[in-house]
Amino acid sequence: MGCCGSTERTKREWRPLEDRSCTDLPWFLLFTVFCVGMGSICGFTIVTGGAARLVFGYDSYGNTCGQRNEQIEGVRLSGLDHRDRKFVFFLDPCNIDIVQRKIKSMALCVSLCPPEELKTYQDLKRFAMVNGSELCSYELAGHKYPGLPERFSKCPKLPVPPSKPLPVFNRCTPVDISCYAKFAEAVVTFVGDNSVLHRLIAGVAASKEIIIGLCVLALVLSMLLMVIIRYISAVLVWILTSLVVLGSLAGTSVLWWLYIDHRLYGNDTTVKITKEVKDEVEVRRDSGQALLVYAIAATVFTIILLLLMLFMRKRVALTIALFHVAGKVFLHLPLLTLQPFVTFLALLLFWIYWILVLLFLGTSGNPVQNEETGLTEFRLTGPLQYLTWYHAVGLVWISEFILACQQMTVAGAVVTYYFTRDKTRLPVTPILSSVLRLVRYHLGTVAKGSFIITLVKIPRLVLMYIHNQLKGKENACARCLLKTCICCLWCLEKCLNYLNQNAYAATAINSTSFCTSARDAFVILVENALRVATINAVGDFVLFLGKILIVTSTAFAGVLLLNYQRDYAEWLLPLIIVCLFAFLVAHCFLSIFEIVVDVLFLCFAIDTKYNDGTPGKEFFMDKALMEFVESSRRLERAVERGRSRVKEAVSEGAEMKPMAPGTSSA
């Protein structure tokens, strides 16, 4: 679908087009409408007071603190003027519902949080008289606190701990948070001793400078690895291949050795076995048969693996060449290294917005009295309760949309690099040019691709939620069925992600719609199925080794630095934090490298299919890939010459074969 009257091209030129057209315009409009709906939810929470109730807080009678309130029908003590009462005070702040993760205590709006401990009701009276902040229910007079019979249920639990308001949300929070120990234990279930938790937190606080330094080190190592991997890719790939082959041979040998040893041991002991131990004999026989099956299966696997390595050795060389070219891409397009930062920043801003709106939804809706506590709460009822589901779908779709925009941006820049023969004539900022093309022409394609991923991801997340809720309650058959469905959906999601990525690259080349690009890319990938399998298997494992290298290097540096700091005992938690951050950073950067390799392969496959190096059909590929093509052609010519010589030898042998006796003429 084009825009502005343009029509989609039917001829595949397979090179970046200058005269582009809009793709998948209806999907862009649909995504725009969906985003307007997401914004409308935020507007609804603001208009109905949900945002104000979250920020300013509200009491147990439905009154928002710091504002003049309207009367709520059926709720006593509602509709009060709280313009001089700006803080929320909980009568029993330590009464926490661990399951629902919220405070169950009655809440009141007060003008001042108690800065010091109040031990008696006389102290409550004096605090109310001096500061004008009444800490008991509104219908109780401050000067009568000590003698009122309702003081035990409508006044704060004694002693009242000193508290101070939170900076933004205006809740009176106890200065000493020891009463939240049970809640902390519920969150951090692996900590059984509070002293351990305190030492771990102290370790993080004391080593914050080292943690920041190690995080920067992981960032630098990730950026360096993307540049130098072109020089070490050959070594890594062949080391990996050798280790896999040797590991398979070693595993097969061990299994056969165990089987032979079991047979010899069994033959030595069968003479001593009496009739009473026939069961043991049966067990030994079953064990021997199992070892034999394992050994045969391992042998078959090893033979298949060796044959695959033999026939796919040329394709391993292609993987090395693609890694080499990918390193050059990052040298010519250094702004590619900023893509993880931009994507992470966009995701972070969206997630913060999404969480805020979700919290707004939690305090929006109609006032409802809790039957258990009698307190007033705000809940979405009727059709409004589906706003939360709409908001949840928005989390998945828009997050996938942002990730897809990154893939399209990288694909557009790499395509421009590949199909530009003279690298000195590259655009000044290929990344910025790719972003502009995306925004101007291809947002609909990205929206459609991300929606397809959303359709698969949401059912998987729902099944995972059901599985967690039913853990320990469902039978074995249901549990197996749920896990199978989750696994199948995960595999489908991974396959669609890979196809989407190649579809975006095809769109960046030909400016075609998503479905057309996906079909064209799929045809190219099927024609090069063995190459795809080799690149994905070998390349992904090499990148995984790169991630492990960054994590282990950062962890080693962390051990040295944290061990040098001897003013605290526990540095396990800081090291875990550093390792997690290092893996996250390495994954983000090497994922960009993986996208670059995949796009380069698609361009290479297209180049070799539609060009042959003759005048008018010159290759676009880099020198390293050209050398691979030339070596492949030399090998093919050598094989062809060998076949022709065999045919000539066979034909000559047939001509020189003597005639059978008796066939000559008289």
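The backbone N, Cα and C atoms fix where each Cβ goes, and this holds for glycine too.
Remember, predicted model here, so these are calculated numbers, not experimental data.
Annotated transmembrane segment per TrEMBL: 25-47 (among others), in sequence order.
The transmembrane segment feature in TrEMBL is assigned to 210-229 (among others).
Taking Cβ pairs closer than 8 Å, the transmembrane segment (235-259) reaches residues 229, 288, 291-292, 294-295, 298-299, 301-302, 305-306, 309, 316, 319-320, 323, 538, 541-542, 545 in its own chain, all 6 or more past its ends. Feature annotation from TrEMBL assigns transmembrane segment to 235-259 (among others).
Long-range Cβ contacts of the transmembrane segment (291-311) within its own chain (Cβ-Cβ under 8 Å, at least 6 residues beyond either end) map to 241, 244-245, 248-249, 251-252, 255-256, 258-259, 262. The transmembrane segment annotation in TrEMBL covers 291-311 (among others).
Here TrEMBL flags 317-335 (among others) as transmembrane segment. Beyond its flanks by at least six residues, the transmembrane segment (317-335) meets 226-231, 233-234, 237, 413-414, 417, 423, 426, 429-432, 531, 534-535, 538-539, 542, 593, 596-597, 600-601, 604, 622, 624-625, 627-628, 631 of its own chain at Cβ-Cβ distances under 8 Å.
Long-range neighbours of the transmembrane segment (342-361) within the same chain, counting only residues 6 or more positions beyond its ends whose Cβ lies under 8 Å from a Cβ of the stretch, are 38, 41-42, 45-46, 50-51, 54, 380, 387-388, 391, 394-395, 398-399, 402-403, 405-406, 588. Residues or ranges marked as transmembrane segment by TrEMBL: 342-361 (among others).
Counting only same-chain residues 6+ beyond the ends of the transmembrane segment (389-419), those with a CB under 8 A from a CB of the stretch are 15-16, 31, 34-35, 37-38, 41, 329, 332-333, 336, 339, 342-343, 346-347, 350-351, 354, 357-358, 361, 426-427, 430-431, 433-435, 437-438, 442, 445-447, 449-451, 453-454, 457-458, 461, 500-501, 504-505, 507-509, 592, 595-596, 599-600, 603-604, 607, 620-622. Annotated transmembrane segment per TrEMBL: 389-419 (among others), in sequence order.
What TrEMBL lists as transmembrane segment is 541-565 (among others).
Listed as Cβ neighbours of the transmembrane segment (571-604) (distance under 8 Å, sequence separation of 6 or more from its ends, same chain) are residues 200-201, 203-204, 207, 210-211, 214-215, 218-219, 221-223, 225-226, 229, 318, 322-323, 325-326, 329-330, 336-337, 339-340, 343-344, 407, 410-411, 414-415, 418-419, 498, 501-502, 505-506, 509, 521, 524-525, 528, 531-532, 535, 539-540, 543, 546-547, 550-551, 554-555, 558-559, 562-563, 565, 620-621, 625. Summarising the annotation, TrEMBL assigns transmembrane segment to 571-604 (among others).
As annotated by TrEMBL, region 'Disordered' applies to 646-666.
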